[in-house]
Amino acid sequence: MKFSFAKQRRGKLYGGYALFFVLFCLLTYGVYWLFGYSLISTHDVLHQHVPIMIEYRRILLSWLHHLSAGPLQWSWHIGLGADAFQTFSYYIIGDPFAYLILLFNKAHLLTGFQLIGLVRMFFAGLSFTYFASHFSLKRWTIWLGAMVYLSSGFAIYASLFQPFFVNALILLPLLITAIEAVLQGRSAWGFGFVVYFSVVVNFYLAFILALGGITYLILRWIELSHPLARQRWFNFVRMLCSGVLGLLATAWLTLPETKALQSSPRFDVPFASGMHFYSLQYYLSLPNALLGNVNVDPFWLNTLSVNVLLLVVVWTFRHYRDYKLIVRLMVLTTILSLLPMFAATLNGFTSPSNRWLFLMSLPMALMTGVFLQQLKTMTLNDWVPIFKWAAVILVLILISTQIIADSTSTVLPQLFFLMVYAGVFVVGTVRQQLLKPQALSALVMANIFVAFNFENAAYDIHQFLPNGAARALISQPYGTATTAVATQPTWAEQNGTKISKYAPTFARTSNVSNYVTASAGITPNNFLLNGANTSSFYSIQNGAAIQFSRDLLNNQRQLNLPIQQFDDRGRVLNFLGVRNLYANSPLPSDTNMPHNYVPTFGETPDLNQSFYGANGDVQAYQTTDNFPLMYFQSRVISNQTYKQLDANEKEANLANVTAVSDTKNLKVTKLQPQSVVIPYKLYDADQNIVSTTNIADTNKSDTYTLYIPNAKQYRGMGIRALITNVHYTEPTLTDRINIDKLNSPGINGHLSSGSNQTAAHGGWDAFKRDVANGSPNQAWRISMTNGDITNSLSQMPETNLSEYEKTTAGVLNLGWADQMPNGLSMQLGQVGRYSFDLQLVGIPMTTQYDKQVQRLQKNGLKKLRLGHNEITGSVTTKQSGVLASSIPYSAGWHATVNGHTVKLIKTNRAFVGIKLTKPGKQQIKLTYRTPGLTAGIHFTAIVSGLIAILGIAQLGWHLFKRKKD
């Protein structure tokens, strides 16, 4: 295939594409709007992308109105507080389409977000159209190729759930075109610009695009005539220089982002999730990918959605000599998709995600156009070998489909359209009217309509919010309760209780862990448009937050959600400054309400006032034990001592001491145990005493009992289960099948009223079920129950590509000993062999703790002011100590005390602190600057100047040559 840069008029080509795109939108997204749904899914779009775009718009407008103050760099609305530039740059800062939101007023931002998503898709197809126009293809085949490109599994999924990923589909055709231009001796400037935009739009996808571009360059170089000629190397050097300049020009974004990645937990994960091979389910899904589907699971295995793909692939291999580069790409893709190590490498050396397969959308869509264009030249003899090979692959697909128990609702439409394509093509050899552009266009568009709307539950319309519902969920996750808390006096205030003059002026909010689960509502994970909240859901997280979560063994910890509600552990929530908690109304019986959080608008939970919320009625709860944001603490311990404490002792001492690395000139406190170890005996279902260090669980429905002698003596204590040293050995697929056979009724070769099934049939069903579930895998779960309270520690499966990390320990908050008659129960959520240490701990909730908190509140920073990228206040000290905080540590913070620059320290291994060794009144000022941003901007300015000089010099040279000629 010849890649030609001959001049051509593309007006009609682009106009026809625009009409096809409108039809594409009507057949796909239009169905959602027809039934009153928006394009805002209840997953990442609701929790991340919409709030981020709205907040970024607010930040931009604020900056434009106050240019002298500079842009906001630290935001208190991102979890415990985080760098706004580093967090948002992954999603939006370098995305040119995001700035279109400035064209919409505040009342139409959600509409604007959805329209911007469609604009991205339009330009993705337009980019393909421009790319394909360099080949000898008719306009109608290019249009259909563009539709195929837009309906790939990656494109559809990205447009609905990860909108900014669509930018990669825009850049990919431009990247290949720019590479080809340089190889043919044309200007290298375009390549540099594509490199620049690839990086700033999304550095993660830029890595994949770079690997794709390098692969294309190598395979294309092999095909060049005289590949070692001097001119070839000259072109390569030009390309390299242009690419390097484009990359260096991104320093304003990549330098601060690189610094963020160094501490981000998302990139501190086991390579390939510790996998050497995929599950059998994955390998059995590979043949089905050739049939064409809109799926992206497992492991982001994605291809085109049109079911002509199988015939296109076989036809391309049959014409290897004409399409060597494409065939080599297909073979290489097949090899790379076989092992997790390849996917992990292509995914930035992290989890084994096959997102990189979107690179194949371009050659596959192009070959679909080529294939359709030459249909009229084919005879029955041409089709026979194609159908033979297609039949072999189809048999493999049907076998794998039966084993992994794929639903007929997916497979039948795929097979139907494959048969229709085959029938049309064969009959078209004698009745060529069937092969006219109009007929083929109708068939392809019908295929896309069915694939999008019926072939995959991942795009189930019920996962998308009705028009109007999204605004309420984003702006009022707790309904009108937050307004009431801000404006109405509490029940305690109405009954004469005065607010303490030492009450912290800054406070965070949270919700109980089971919020909205009882009403099957949508749990909010992002509170960007609301007040400061403990929970945040972003791909780039401050490493300090996850460090604190790991130190205290937060069982809710996830890489993208480092804090969440911290398992409703009261002292931790107090430390984080959480004053207001929200829960469903009426309060569910399994709510684990933290210590000292009392009804805000009523004497009891039953009498607590309810407020309207999109997820059901809401109640508010409040405490007076919330810590100040910054406070003076005279009692310290060393980090070495802190590390030696177990997670429960760390929690119990949060108000008592602060951990620092250097205790010189500070008062080191000798700690006394703050928790009580509770003895127990563990019994299995047969009342045999067992040990947690060796449990071979062959029935995940089995319940173990923890008997606690004299349980009444622990009343008034919070109960924690400390689980450490977890080792889980997953059964092999054969072992799991045998276990399933034991646990399935009727699999005994005898007739029964419940289930009449032979052992062989039962074994086959067990095999299909286990393979379809991705067995074997590393996932496990340990659950414990105290009365109505059930809590668990679990290992994320390796299929969870965003959240997987190895779990070996955790603390379970099991409520109060008052709920514990004489013991607890335990269940193991997955069959397999478990070994772990289990310690039950009681944490007394005494008045001594309340006095400790009151002391810290008295020592809180006075006249606290959270300004634009700064914090100011004062504190008066009588002895040496530290100014501790719950501000996540970052190298971007800088501090002065009484106007003198001082060194910041880490407190409790995660938070900002200042050592104060001189008594007296201390004026405190903290300022924040995004690490690397200033240096990055300066470096970009230098590179931009160099680029301008080179551009002017080149322009002058061309003008000189033209004048000379």
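Just so it is clear, glycine is given a Cβ too, placed from its N, Cα and C backbone atoms.
Because the structure is a prediction, the values reported are computed rather than measured.
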Kindly point out the range from 90-108, 356-374 that TrEMBL annotates with transmembrane segment. 356-374
Decide whether the stretches the transmembrane segment (356-374) and the transmembrane segment (112-133) have at least 3 CB pairs under 8 angstroms, with pairs required to be 6 or more apart in sequence. yes
Considering only Cβ pairs within less than 8 angstroms, which of the stretches 12-35, 112-133, 140-158, 195-221, 329-350 has the most against the transmembrane segment (164-183)? 195-221
Count the CB pairs under 8 A between the transmembrane segment (112-133) and each of 12-35, 140-158, 386-405, 935-960, then give me the winner. 140-158
So, do the transmembrane segment (195-221) and the transmembrane segment (329-350) meet, by the test of 3 or more Cβ pairs under 8 Å (sequence gap 6 or more)? yes
State, in range form, which of 233-255, 299-317, 437-454, 935-960 has the highest count of Cβ pairs under 8 Å to the transmembrane segment (386-405). 299-317
Within-chain partners of the transmembrane segment (140-158) [C-beta distance under 8 Å, separation at least 6 from its ends]: 13, 16-17, 20-21, 24, 28, 121, 124-126, 128-129, 132-133, 165-166, 168-169, 293-296, 300, 302-306, 355, 357-358, 361-362, 364-366, 368-370, 372-373, 437, 440-441, 444-445, 448, 451-452, 458-459
Short question: which residues 6 or more past the ends of the transmembrane segment (233-255) have a Cβ under 8 Å from it? 89, 93-94, 179, 182-183, 185, 188-189, 191-196, 199-200, 203, 932-933, 935-937, 939-940, 943-944, 946-947, 950
